[in-house]
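For reference, the structure discussed in these notes is given below.
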C-alpha cells in the first residue's frame, strides 16, 4: 500500500516537472502564415480584445478573433460586403463599434466587435475632403455621416445623422464645410454641467446668406438637428458677434477650434471654446496663422499644441502651446520640421505628462535661401515644452526620424508601455538618411538612449514593455528580433517566407504578448501579402509578482529627482528590466501614481498674456478701482495680478507660491486716457512737394494686427509709408525712384513697387520691410496696360508684362510668368497687350487658365487676337481673331471684337466657364447701328450691366445701359441715354452693400445734344437692379431750413423737381463713392434740386440713411466726405476752398458738429480713410501755409477713437438691443421690404448709442423671409420693352422670341413655355405669388407622349375631379338647408313662440328639397369647370419637376436662396376666384 502511494506521488512529481518544462519555450510561437491576394489599406484592433479588422485595397474586409492567427472574409448577411468596403472606421470612444463604408450608397455598422453587421443606405459617396464620419464624445450611438459633391475647389457637403447606430438616418443639413457635434470628445465640457444643454448640439459651416463663396461662410449651430430652425443659429465667435469666412471646425479634447479666413488675405483667425457657447480668438504672440499652414497637434487635457508654418518654401514652423482656455499661445521652439502635407515632427510620450519629442532645422537661413538641404536635429522637453534639450546616447547627440518619415502604423516613438521609447536615427551633428540609421531605445522616457540594433527596423512593444520586437526595414527579411530586457539583449526567430515588411503592430494598450507582422512578397508591395501572428506567451514560466516591479518616476528634473508638473509627480509600478517573468495583465493599462507638490510659479498662467519680459501679466482692459479709491492719480489700490492657477493643476497651496493674489496697482492703470471724449489731431509736414497717389493696405477681418498702413507715392516718385494712419511717416526706400505701385488684389498684406527698370521692391508684411526683386524686363511702356497680373488662388503666381527690344526699334510687350515663390521668371507669350489669370472658384478646372491678347503674326501691325491656354501657352486656343479689349467681372468674361461683316462696328461676346463664348443678343429697342464702344459696369448680381455707346460726339457722349440674363448672353434694355465721358467712364454706381440699388445720370435732351447743345443730366435710381428707375425725391428743406423753389407729387421726384447728383465721371478719385459696404443704407453726394443737374458752383451736399429713398440737405456748397466705424461717424470737409474746420456727425447725419483741426486755414485736396470705412481715423491731405512754412504739403490725422468709451454690445439672437436695431432695406413702391424675393435684415447701431461698432465687416443678420412674387421680381424679356404703366410690351414690328429654341438646344426637353414678355430677375428668390413668365406650356416636337405622361391626370386625379364637385355641392346644399329658418329676412331675437312647424319652416320638405337641388346645381355648375381647369393647369405645369435643362445651383444650400425660375407652385387665377380673391387679382393685374 505504501509502495503504491510512493509510486503515485513519484508519477505526479514527474508529470508536474514535465509540465513546467513544457511551459517555458526557447522562442515565440509563430502561427502558420495567412496569405491574402491584395495589399492591406488599414488595420486596427478593437481595444481590449484580440479582434482585428483589416481592409484590403480590393474592397474586402477581413476579421480575426485570435490576434491575427486566423482570418475570415466578412461578407455580411447577404454577401453584399464582399469587394464593397471602401474604408473602415473604428469608433474612437466605443470599443464595440466600427463602420464599413461602401462606394455605392450602401454602408454597414457593427455594435458587437464585428460579430454581426447591419447595413444602412445613404445615397452618397463618403466625403474625401471632409471627415466621412463624425463621432459624438458622449453618446456613441450618435454619428454624423458626410458625403460631398465637388466642382473645382467648391464642395457641397450633405451631412446625415443617426441617434441609434444607423437604425434610422436623417438629413442634418447641406453645408459647405461639413458638420460636427459640439461634444466631439469625452472630455469636452465634462466638468461644466452642460451635458443636457449641449448633448444634441451640432455645428455646421454653411454658405453666406448672400454670397456662396468661402469668404462668406458662416458657422451655425442647432440643438434640435435643424428641425425647428432650418437655418440654425449663427455662432458668435468674436466678442459676441458672428464671423464670416469660417473654413472648418475641429474637436481637440476639451476644446473646439474654428478657423476663419477673410477675402483678400491668407491669414486665418482661430477661435476656441471650452463650452460650445463662449468663443475667443486665439493669439499667437504676434505670429500669423495661414490656411494650410497650421497643424493641430496631439494636445493635453489643459492646453492646445499648434505648429504654425513660417517658411512655406522649406517647410519649417514654430511650436506654440496655449493657456488652459486656448486663447493665448506661447512660443515653445522655432524652426520645427514639417513636410508639404502639414505633418510635423512632434510626438508626446504616451502615458507620461510633459515629455515631448520634436525635430528642428539646424540651418534655417541656408534652407530658406535655397542654398542647402535641411539639417535636422532632435530635441526633447521634460517640462511640457518650456525648455528643450538634445537627446543623448553615449555622450553624443542623437537624432531620430519622426512623423514626417513614418514607416509603420500607430505612434512613432512610444506606446503605453511606461518609459519605453524607440526610434530610428543616428548620433552626430544632424539626422542622416533613413537607410543609414540604426534602432535606438530608451527605458527612462528619453533621458538616456542606447543603440539597440544596427540598421533601421520596424518595432513594437508588448506586455507593458516586457517584450520588444523589431523587424528590419530594408529589403527582404526572414526573421524577427526580440528582447525581453528593455532592448539590452536580443534574440531572433525565423519566418517561413521572406517578406518586405509593411506593418508591425499589437493591441493599442501594448499589454498583449501577441504581435502581428504584415509583409509583401513583392518589393513593389502590390499583390500578395503574408500575415504572421507571433505569440510570446511561453517564453517565461511565471507571472510577475510584487518584487518584480519597481516604482519608476516618469519625469526627472535636472538633478535626477522626480519632477513636478501640473502640481504633482508621476510614477508607475514597472516590471524590472531583468525580471524573469511576464506582467501578463492583458488589456489592463498601467495606472499612474500621483504625488502632490507645493505650488510653484510653473503652476500659474496669465489670464490674458504675459508681459514682454515674461515676468508679469498684461491686463486686457482698464481696471475699475474699488469705490472710494483713486481720489488722486498717484494713489494706489489693490487689484488683480493677472495670474491664475492653471485649471486642473493639483498643487498644494499651503506653503507654496501664490501668484494670483491681489497686488498693489497705481490708479494711473485704472484710467483710460484714450477715451476722454476728445478728438485728437496729428500734423505731419512732409518733404515731398505733393502726393501723386496713395494706397491703403486694407486689413481684413481675420487679420490679427491693428495697424492702418498707407503707401504714398510722392510727385517726386519717392515712397512714404505709415502704419498708424498718417500719425508718423517713414521713407523706407529713400533715394529709389518708384514709378508704379501694385497692391496684390488677393492678398492685402502684399505690395509691389516698380521702377522704370528691371529692379523692383516688394513687401509681404504690410510695408514693414521691402525686399528687392529682379523683373525679366522693364515694365511695358504702354501706360494704359497693366504690368502685373495676380492669380486669385496661388498668391505667389504672377504675370509680368515687360518692354522688350526697345533699343532696336521694335519695342513691344512680352509676358512672363512666375509659377511660385522661389521660381524663376519664364517666358509666357510675345507681342502681347494684356495677360490675365482666369481661375475662379466658381469656374471648374480653371487653375491654370490664362488669357492673353496677342498681336497676330507677332507684329504690332497685326490684328489683336484673344488666346487662352491651360498649360501656360505650350498649347493655346484662339478665342477671337480681332478683339478690341476684354474684361473679367465676377463670373463673366466679356469680349469686344470687330464684326467680321462690318469692321467699323463691334460685337460683344460672353463666357461664364472661360471655354465657350456666346454672342450677346442686344434688345431690338437698342438701335446702335455702329457699336463703337462698350463699358462693362458691374456684374455682382448674376447679370452683366453693359453700357453701349450710342453717341461718341465729343461732349455729347451717352448710350443705353442693357442688362443680361444669368449667363450674360441675352440682354434687355434697363435704361436709355446714360451719360458717359470721352474716356468711356459712365455715370453709374452701385450702392455698396445694398442689393439692387444703383444710381445713374441720364441725358434728358438727347435730341438737342446732336445739335451741339450741352447735355442736361437727370439723376435716377433703381431699387430692383435696373428693372425700374425713378427720379430722386428731393429734400423738403435745404441745409438752412428753406424750401426749394419747386414741388413734388406724393413725395416722388418729378421732371421739374428732383434731386440730381454729380456722378462717377466728375470724380478726381474713383474711390470716393456715394455709399460704403460697411455703412449699410448711408449714401452721400453733391448735387442740386431742380429740373436737371447744375454746375458744381451751385451744388450742395446731401445724405440719405435709407438707401436713397429719402434725402436730407447737409451743408450748402460742395464737401468731401468719408465714413468711419461702419458709418457711426461721418466727416465732411469743404472741397476746393481754404478751411481750418471739419464737420462731423455721430448720428448718421441727423446732426453735425464743427471741429477746428488747424490754427490756420489750409486747402484740403482729399480726405481718406481705410477702404472698408471701419476705422476711427481720417486723413486730410492738405497744403499748409503759415508763418513758418509756405505752401507745404502736409497731412492731418483726425482720430475719433477717444470720443466714445466702449464697444457696442450685440445680441445676435435678439436682434434689437440697447445699442442696435434691425434695419431692413425698403423699396419705395412696396410695403413688405421685399427686394429680389426676400427681405434682408442688418444690424445698425442706434444713432443715440454712445459706443463703437468695432466691426470690420458688414453682416447680414438674416434673410428674413422669401416673399411671394410681384411685378418687381420680373423684368422685360428679349424683344420686349417697358411701357409707361410699368408693363412689358412687344417692340412694334418685332416677332415674339422663338420659345421652341430651348427644344433645339436640349433634345431631352419635353416642353416649352410661350413667351409672356417677362422674365424673372436672375437673383430673385421669390416663391409663388404673381407668375408672369409662365402661362401656357406646350410639348416640344416629338415629345407629345412624354408631355402627356408628365401632365396627364391619373385615375386618382380623375376620381377627385368628379367626386370633389359633388361633395362641394352637397355641402352647399346642406349649408342652405341647415341655415334656412322659414322666412327671408327674418331676424330672431329669441326662441320661436310656438313649437308647431310651419309649412315654410326650415324642416319642411317644401323648403329643404328645392333648396338642396338648386344649391347643388349652382355649386356644381360653378365649381366643376373651375376645379377641372385647376386640376388640368396644376397637372400641366404649375407643379413641375423640371424644365428639361441643366439645373445650376447659384447658391450653396437649398435652404437659403433656394428659389429659381420656375421651381415653385403658383395658385392659378381660377383657384384665386374659388378662394374669393377675384377683386385682388384684378387689382394686381391692373397694376401690372
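Each Cβ is built from the backbone N, Cα and C atoms, and glycine gets one as well.
Pulled from Swiss-Prot, these are the features on record:
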type	residues	note
CARBOHYD	301	N-linked glycosylation site
CARBOHYD	325	N-linked glycosylation site
CARBOHYD	481	N-linked glycosylation site
CARBOHYD	845	N-linked glycosylation site
CARBOHYD	967	N-linked glycosylation site
CARBOHYD	1266	N-linked glycosylation site
REPEAT	63-72	repeat 'BNR 1'
REPEAT	380-389	repeat 'BNR 2'
REPEAT	440-450	repeat 'BNR 3'
REPEAT	482-490	repeat 'BNR 4'
REPEAT	720-730	repeat 'BNR 5'
REPEAT	1102-1112	repeat 'BNR 6'
REPEAT	1144-1153	repeat 'BNR 7'
SIGNAL	1-23	signal peptide
TOPO_DOM	24-1351	topological domain 'Lumenal'
TOPO_DOM	1373-1405	topological domain 'Cytoplasmic'
TOPO_DOM	1427-1488	topological domain 'Lumenal'
TRANSMEM	1352-1372	transmembrane segment
TRANSMEM	1406-1426	transmembrane segment
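The residues of the repeat 'BNR 3' (440-450), classed with DSSP into helix (H, G, I), strand (E, B) and coil, number 0 helix, 5 strand, 6 coil. If one looks beyond the repeat 'BNR 1' (63-72) by at least 6 residues along the same chain, the residues whose Cβ comes under 8 Å of a Cβ in the stretch are 31, 34, 36, 50-54, 114, 507, 512, 514, 516, 531-533, 535. Cβ atoms under 8 Å from those of the repeat 'BNR 4' (482-490) belong to residues 28, 420, 422, 441, 443, 450, 452-453, 465-470, 536, 539-540, 577-578 of the same chain, restricted to positions at least 6 beyond its ends.
Comparing the glycosylation sites 301, 325, 481, 967, 1266 on other C-beta atoms within 10 angstroms of each C-beta gives the minimum for 301.
Counting in whole angstrom, residue 845 (N-linked glycosylation site) lies 43 from residue 301 (N-linked glycosylation site) by their C-alpha atoms.
Over all protein chains present, the Cβ of residue 845 (N-linked glycosylation site) has 13 other Cβ atoms lying within 10 Å. With a threshold of 8 Å between CB atoms, the same-chain residues lying at least 6 positions outside the repeat 'BNR 6' (1102-1112) that come near it are 991, 994, 997, 999, 1021, 1023, 1032-1035, 1051, 1059, 1061, 1081-1087, 1130, 1148-1149, 1225-1226, 1228. Spatially, by CA atoms, the glycosylation sites 301, 481, 967, 1266 include one closest to residue 325 (N-linked glycosylation site), and that is 301. Residue 481 (N-linked glycosylation site) sits 37 Å from residue 301 (N-linked glycosylation site), taking the Cα positions as reference. Here the repeat 'BNR 7' (1144-1153) is broken down by DSSP into helix, strand and coil counts: 0 helix, 3 strand, 7 coil. Across the repeat 'BNR 1' (63-72), DSSP assigns 0 helix, 3 strand, 7 coil. Secondary structure by DSSP for the repeat 'BNR 2' (380-389): 0 helix, 3 strand, 7 coil. DSSP assigns residue 967 (N-linked glycosylation site) to coil in the three-state reduction, placing it in neither a helix nor a strand. Cα separation, residue 1266 (N-linked glycosylation site) to residue 967 (N-linked glycosylation site), rounded: 23 Å. Following the DSSP three-state reduction, the secondary structure of residue 845 (N-linked glycosylation site) is coil. Across the repeat 'BNR 5' (720-730), DSSP helix (H, G, I), strand (E, B) and coil residues number 0 helix, 5 strand, 6 coil. The average pLDDT the prediction assigns to the topological domain 'Lumenal' (24-1351) is 89.
For the repeat 'BNR 4' (482-490), the number of residues in each DSSP class (helix H, G, I; strand E, B; coil) is 0 helix, 2 strand, 7 coil. Across the range of the repeat 'BNR 6' (1102-1112), the DSSP-based residue counts are 0 helix, 4 strand, 7 coil. When the Cα atoms are compared, residue 967 (N-linked glycosylation site) and residue 301 (N-linked glycosylation site) turn out to be 53 Å apart.
In the three-state DSSP reading, residue 1266 (N-linked glycosylation site) counts as strand.
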